[in-house]
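As recorded in Swiss-Prot, the features of this protein are as follows:
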{"type": "CARBOHYD", "residues": "ASN62", "note": "N-linked glycosylation site"}
{"type": "CARBOHYD", "residues": "ASN95", "note": "N-linked glycosylation site"}
{"type": "CARBOHYD", "residues": "ASN121", "note": "N-linked glycosylation site"}
{"type": "CARBOHYD", "residues": "ASN229", "note": "N-linked glycosylation site"}
{"type": "CARBOHYD", "residues": "ASN251", "note": "N-linked glycosylation site"}
{"type": "CARBOHYD", "residues": "ASN261", "note": "N-linked glycosylation site"}
{"type": "CARBOHYD", "residues": "ASN272", "note": "N-linked glycosylation site"}
{"type": "CARBOHYD", "residues": "ASN418", "note": "N-linked glycosylation site"}
{"type": "CARBOHYD", "residues": "ASN419", "note": "N-linked glycosylation site"}
{"type": "CARBOHYD", "residues": "ASN424", "note": "N-linked glycosylation site"}
{"type": "CARBOHYD", "residues": "ASN491", "note": "N-linked glycosylation site"}
{"type": "CARBOHYD", "residues": "ASN775", "note": "N-linked glycosylation site"}
{"type": "REGION", "residues": "871-896", "note": "region 'Disordered'"}
{"type": "SIGNAL", "residues": "1-19", "note": "signal peptide"}
{"type": "TOPO_DOM", "residues": "20-556", "note": "topological domain 'Extracellular'"}
{"type": "TOPO_DOM", "residues": "578-631", "note": "topological domain 'Cytoplasmic'"}
{"type": "TOPO_DOM", "residues": "653-818", "note": "topological domain 'Extracellular'"}
{"type": "TOPO_DOM", "residues": "840-917", "note": "topological domain 'Cytoplasmic'"}
{"type": "TRANSMEM", "residues": "557-577", "note": "transmembrane segment"}
{"type": "TRANSMEM", "residues": "632-652", "note": "transmembrane segment"}
{"type": "TRANSMEM", "residues": "819-839", "note": "transmembrane segment"}
Amino acid sequence: MDTCVFPLVVLWISMRITSTLDEVPIGGIFDSRSVQALTAFRHEIHMFNRAYSHVYRYKLKNDTTILDVTDSFAVSNALCHHLSRGDLAIFGVSNASSLATIQSYTDTFNVPFVTISMAQNNSHNGSYQIYMRPMYINALVDVIVHYRWEKVAFYYDSDEGLVRLQQLFQATNKYDKMIISIDTKRITSVENGYHMLKELHLMDPEMEHRVLLDVRTDKAEQIILKVMNDSKINNAKFHFLLGDLGMLEINTTHFKIGGVNITGFQLVDPFNSTSELFISTWSSLDPVYWPGAGTNHVNYEAALAADSVRLFKSAFGSILQKDPNFLRRSRSGTAGKSMKCTDDSEIKTGHGQMILEEMKKVKFEGVTGHVAFNEQGHRKDFTLGVYNVAMTRGTAKIGYWNEREGKLHAHNPRLFQNNSSDMNRTRIVTTIIKEPYVMVNNVIRDGKPLVGNEPVEGFCIDLTKAVAEKVGFDFVIQFVKDGSYGSVLSNGTWDGIVGELIRHEADMAIAPFTITADRSRVIDFTKPFMSLGISIMIKRPQPAGKHFFSFMEPLSSEIWMCIVFAYIGVSVVLFLVSRFSPNEWHLSEAHHSYIANDFSISNSLWFSLGAFMQQGCDISPRSMSGRIVGSVWWFFTLIIISSYTANLAAFLTVERMLTPIDSAEDLARQTEIQYGTIMSGSTKAFFKNSQFQTYQRMWAYMTSAQPSVFVKTHEEGIQRVRQSNGKYAYLTESSTIDYVSNRKPCDTLKVGSNLNSDGFGIGTPVGSDLRDKLNFSVLELRENGDLAKWEKIWFDRGECPQHSSNKEGAQSALTLANVAGIFYILIGGLVVAVLSAAFEFLYKSRMDSRKSRMSFGSALRTKARLSFKGHIDSEQKTTGNGTRRRSHNSVTYTYTGPTNVMGGSHAFEDSNTHTEV
């Protein structure tokens, strides 16, 4: 019953909390064609109310109006509706005609309007508009200047195009040395735009046309497709510059083979972590309930709408932090009264100015990148990606434009030059020195220029020669200038091999070059020619030291102690049960007048020891109890000795090593052993971008460790492992660790399994004419077994003996060090036996001297002669109760024991065994 009541109580409490949350009214005005923007706006509010409303103690209550934004009258009615609701802010779209109406209403009633549409030049400090869409006219001009276009055809389809044209004229005036001629035409439809471009081409078919298409991205795609599919138009004569901010929204696969050159801007960076999360969530939505969602394709207007809600959330949260009673005061004052557009009284919100100012102060990383605003409510400090599509090339990011710097950063100014006559030129292959992939002879190791490819050898060199022969090109090897594989710099550019490919300083990269998602976004890769993974290299630990008592290792010290106690315990129990069992008492064979018991305490110990050593004994138990004790002891010793024997061979002949770590988890849990990666490369990026908790903890350690655990080169990492005396682990590719560990001085070791699964591939610039041919060559080499053959040649050059790991041993011959302890025990036992015999000899001589009333020296000499000769030559006089029998060769002494008779209470005193004499 209690288990049923508790969930109901929790549900009731949560409902009470939800019902007590303050509601913050906001409004939305969206065009009927802005489906994705409206969905993103609604979903962002939904996510806030569900996940964060309990934290901020309020929830957003929105009311959205869908209309034709070009209808100023409908826009006026919508504004009046939202003002009458007391909305604290209004979000939506606008155009050139309706924006003036919106400005008039929002400025009059002091209600902020956050728009995702284009900004206007007539904004001033008193305006209540926030523009999520950045002004990027300077970026357009910088691209035109970068290409040195002196004449541009400007095609537009809306009033916003006229505004942008005006901005374009104003922006080009700053380039005094460069005169840009702009021809303008307004198009009414896709078909109309296609015919205008066809006429433009037919007027001068040999002229190259630079066209700025100021239309929506989807419309521009349709126009260009029509131009491309017209056989009468030479597509190579057109270079289109798109005026929208969604270059990646078009399907560029249609244009790769059409010869059309297209350049455009991208506001949403698809590789930004915030946008990646947004796109992932967007693709998982149900398109029935969330129209336009459920796909990986998100237009930039939807991203702007999502960021607009996040902007308000941040600003309003900041207000509540400063003034927790803001909502209560806003309802009780003039701000709580309904505002009607028909009222003559000028009722203005008392909070509009505060909300507006807070929104201008907000800075955050949104779906559209860095979000910040200036005093006029325009975006600042934003970055636009510049992308290009050209013949034989896919979509490539060729640069970026940053508002703060106000200039274009091009990755390669010559990226779009496509000279077909250069197809058969000698190709430049960039690589990096790393054994056994690429190695150079000492002849040129210190030389700067390379003369030919002969001095270079290795796995990748064999691969290069093979693909060059199959594809049919000449090549020259070039080492990467900065010695790194490639990583993203703070300004968005790449260094290393990746940077050289992006800048077209090399035609391909054949090296131990890992295929990663980040690299694949800016360059192309073939299928992997080698599969591997990140693993851990440590200094090879010394084998476990051999000691004199190695033969005791099959059993732990606890077991040996238990065996000793068991031996003593069994001997004592056997002695006791033999004492109390009548069957163990019998007449002495020497003197039938005496009864004896074979199992004295010394004989019991001797019996137990003989059984444990798997040896026989002259005496055996006669009673049932004694035989039970003996049986269980024999069974015990059988199992113990069998187990010991089974393990003894392995422990004496198998050399074992104890490694301090066995996995990445072991590394992450300790701090004694440092670990790191190469400074620039895929291994470092793997830990940096990993979502796995263990690898995140390892990355946090590596970035904070002092001194730095990162190394500049692969060789430095190996040397650091060798010189750190086991206190540094190097994280690198498994194939490299295997190679180094099998080369002299044989002092490194790979531990644990691979942390991931990677592959090495041939890298090319995006859209390279050799990409597909290289890909086919790699597949053919893999199928023919050539890759496996080269891998065996270059990697299976073992110079080290087979070593054991901590789990598997390498069998070796038995040495004296393994069994030295046995010899020591033997020698020690012999020494103890000799000393014991000497003690007995002296003690017996002393006792005999007292009994025979002779000197100790005489008795000692007599005993010595008896010990050495085995008999006494002269007659010896006996004393005491001993009688002498003389024979020719020996003298036998017979001793008579006590004359006690049976039946008395003292019958058994001092006659427990026949071995007392």
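Cβ coordinates come from backbone N, Cα and C, glycine included.
All features noted in Swiss-Prot, drawn onto the structure.
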residue	record	CB count, 10 Å
ASN62	N-linked glycosylation site	19
ASN95	N-linked glycosylation site	20
ASN229	N-linked glycosylation site	12
ASN251	N-linked glycosylation site	11
ASN261	N-linked glycosylation site	22
ASN272	N-linked glycosylation site	17
ASN491	N-linked glycosylation site	9
ASN775	N-linked glycosylation site	18
### Summary
Helix, strand and coil residue totals from DSSP for the topological domain 'Cytoplasmic' (578-631) stand at 26 helix, 6 strand, 22 coil
### Summary
The glycosylation sites listed are ASN62, ASN229, ASN251, ASN261; by CA-CA distance, the one closest to ASN272 (N-linked glycosylation site) is ASN251
### Summary
ASN95 (N-linked glycosylation site) and ASN62 (N-linked glycosylation site), compared by Cα position, are separated in whole Å by 22
### Query
Rounded to a whole number, how many Å is the Cα of ASN775 (N-linked glycosylation site) away from the Cα of ASN251 (N-linked glycosylation site)?
24
#### Entry: ASN261 (N-linked glycosylation site) to ASN251 (N-linked glycosylation site) - Cα separation in whole Å
14
### Task
Give the distance between the Cα atoms of ASN491 (N-linked glycosylation site) and ASN229 (N-linked glycosylation site), rounded to the nearest whole Å.
39
### Mean of pLDDT values spanning the topological domain 'Extracellular' (653-818)
81
### Message
I need the CA-to-CA distance for ASN62 (N-linked glycosylation site) versus ASN229 (N-linked glycosylation site), whole Å please.
### Response
46
### Message
Through the lens of DSSP with three states only, how would you label ASN229 (N-linked glycosylation site)?
### Response
helix
